[in-house]
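Trainee: What follows is a structure written as structure tokens; I'll ask about it next.
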Amino acid sequence: MASKDAFGDIAPSSKAPVDEEQDQISKIKATDRVIQGAKAATEKEQSMTLAQAVRLYPKAIAWSVLISACIIMEGYDVCLINNFYAFPQFNRKYGEQLPNGEWEVPAPWQAGLSNGANVGELIGLLINGWVSERFGYRWTVIVCLMLINAWTALFFTAQNVQTLLAAEILCGIPWGVFQTLTITYASEVCPVALRGYLTCWINSCWGIGQLIGIGVIMSMLNRQDEWAYRIPYALQWMWPTPLAIGIFFAPESPWWLVRKGKLSEAKAALLRLTSLNRETDFDADETVDMMVHTTALEEKTTSGASYWDCFKGHDLRRTEIVCMVWAIQNLSGNSFSNYSTYFLTQAGLDSQDAYGFALGQYAMNMVGVFGAFYLMHKGIGRRSLYLYGLCGLCLMLLILGFLGLVPEAHRREGSIATGSIMLGWALTYQLTVGTVCYSLVSEISTRRLQIKTVALGRVLYIIVGIICSVLTPYMLNPGAWDWSNFAGFFWGGICALCIVYTYFRVPEPTGRSFAELDMLFDKGVSARKFATTRVDVFEEDIDGDFMSKYHRQTQAVENVDAPRGQ
């Protein structure tokens, strides 16, 4: 008889006699089969065109887009609170009356509400590092969606600002999970040719959610009752349940299944992610072999699979790069660019028109993502897009600084020019840094530590974002530092430092298999030489605990099946 073990479907009976020499020969043959299958799958993936990948993996694209829709929901939710401070009805309900008779949410509570979600997201990011790896991606997302359903009731029924803060923190926990898990799933269900597009699409989901949020808010501007803010909160319920139902039927990540030793389930998931396409000569067994080979190789080159292991050996370099790639999104002037409506209002635009410009800016986010798709399709690498994008952003920030020299007599023209350049900055950002970041962080991190590495990077992103969101109002507020346009010089200088870091530290992952990236990092190859350095991952020794368990599983399956064929 055979029994279950933690690695896979079947393990050999402890009573079965074992011939050590025969077992060693069998193990070598099994390893050779894995290497040959992995090599064939890798060659097929790397020679696959985008059109072929789309025809072979249409289901993977659809499932990835579905799970990425969790970010659309988050983009919508996060968009609400910062725009409610301009609602008189919201302020009357949750604010305090000022000496002049107006109602307003006190500044400390504004800061608390705005950063409450960030606090929750930090918790969710760190929790996700071990929850999703233990229970799988699908069930982690489904449970988080149900939590969103519950916490939305707090938003809808909140009678005071304290309840709102609790809702922001509690909702932030599942939002933090979505931020990393969607990236990981997208990178693991598709081949090399699609990896950059599906991971970058997640940035577009932010734009779609914010676009819907601004549209809903604009439709509520003329309402004078409490439903002006209750309806937008209630609309949050339109997302979780349909998404949870769809994700329940989604296949699990085959990479996660392989790491758990569930090889037959990994093959079944691959077949659910692909369609019959003889053009690419796809073989699910070979692709599983590639995943087994990469997992075994990472076991040899990676210390372990805990958070602490992210800071050991060459994984420290990968963690550092992922963290900085995330942080540079904020350090390149993102918080400053969000004040385009502030400068346009200074130029004399009313709040309705300012919201219209914000709507246009969010729409440009989506246009930028598709523009990034086009540039990647033309063969421009992710490192190149990120680096050249930072150069463009730095130049525009310096121009914004020089616009501060415009005489007071031409203040209106200067403000319009400032707002316009900020919109141009936003488009350039979405074409490059804002979009490509999602692909870079998913490819630079190792499979075993990806969830944890991306989570740590996102934690740094949030921390830097909080610091920037505190500094920027002081820079622009006439009652504080009153830097106005001269803040462009500050952010331009920081952006210049980001360019230097990117040039020397961020590698080019385009077209590389996960195993090749592992070897390039393991050998300490310079970031500038990643694109040209040749490595043969199939010459590396992959013997270890993972391959031993794999061998025991396949041997047990053969022993069970053998009598049937006799």
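Just so you know, glycine gets a Cβ as well, placed from its N, Cα and C.
Unlike curated records, TrEMBL annotations are generated automatically.
The shown structure was predicted, so the numbers you read here are calculated from the model rather than taken from an experiment.
According to TrEMBL, the protein has these features:
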| type | residues | note |
| --- | --- | --- |
| DOMAIN | 63-510 | domain 'Major facilitator superfamily (MFS) profile' |
| REGION | 1-24 | region 'Disordered' |
| TRANSMEM | 136-156 | transmembrane segment |
| TRANSMEM | 163-181 | transmembrane segment |
| TRANSMEM | 201-221 | transmembrane segment |
| TRANSMEM | 233-250 | transmembrane segment |
| TRANSMEM | 354-376 | transmembrane segment |
| TRANSMEM | 385-406 | transmembrane segment |
| TRANSMEM | 418-441 | transmembrane segment |
| TRANSMEM | 453-474 | transmembrane segment |
| TRANSMEM | 486-504 | transmembrane segment |
Trainee: Restricting to the same chain and to residues at least six past its boundaries, which positions have a Cβ under 8 Å from a Cβ of the transmembrane segment (136-156)?
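Mentor: Result: 67, 70, 73, 124, 128, 163-164, 166-167, 170-171, 173-174, 177-178, 181, 184-185, 230, 233-234, 236-237, 239-241, 243-244, 247-248, 250, 252-253, 256.
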Trainee: Can you find at least 3 Cβ pairs under 8 Å between the transmembrane segment (201-221) and the transmembrane segment (418-441), where each pair is 6 or more residues apart in sequence?
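Mentor: Contact between the transmembrane segment (201-221) and the transmembrane segment (418-441): present.
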Trainee: As a test: from 233-250, 418-441, 453-474, pick the stretch that has the greatest number of Cβ pairs under 8 Å with the transmembrane segment (163-181).
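Mentor: Per the Cβ count, the answer is 453-474.
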Trainee: Let me spell it out: take the transmembrane segment (418-441), skip the flanking residues so only those 6+ beyond its ends count, and list any with a Cβ under 8 Å from a Cβ in it.
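Mentor: For the transmembrane segment (418-441), the nonlocal Cβ contacts are 183, 195-196, 199-200, 202-204, 207, 322, 325-326, 328-329, 332-334, 336-337, 339-341, 343-344, 347, 357, 360-361, 364-369, 371-372, 375, 382-383, 385-386, 388-390, 392-393, 396-397, 399-400, 403, 453-454, 457, 485, 506, 509.
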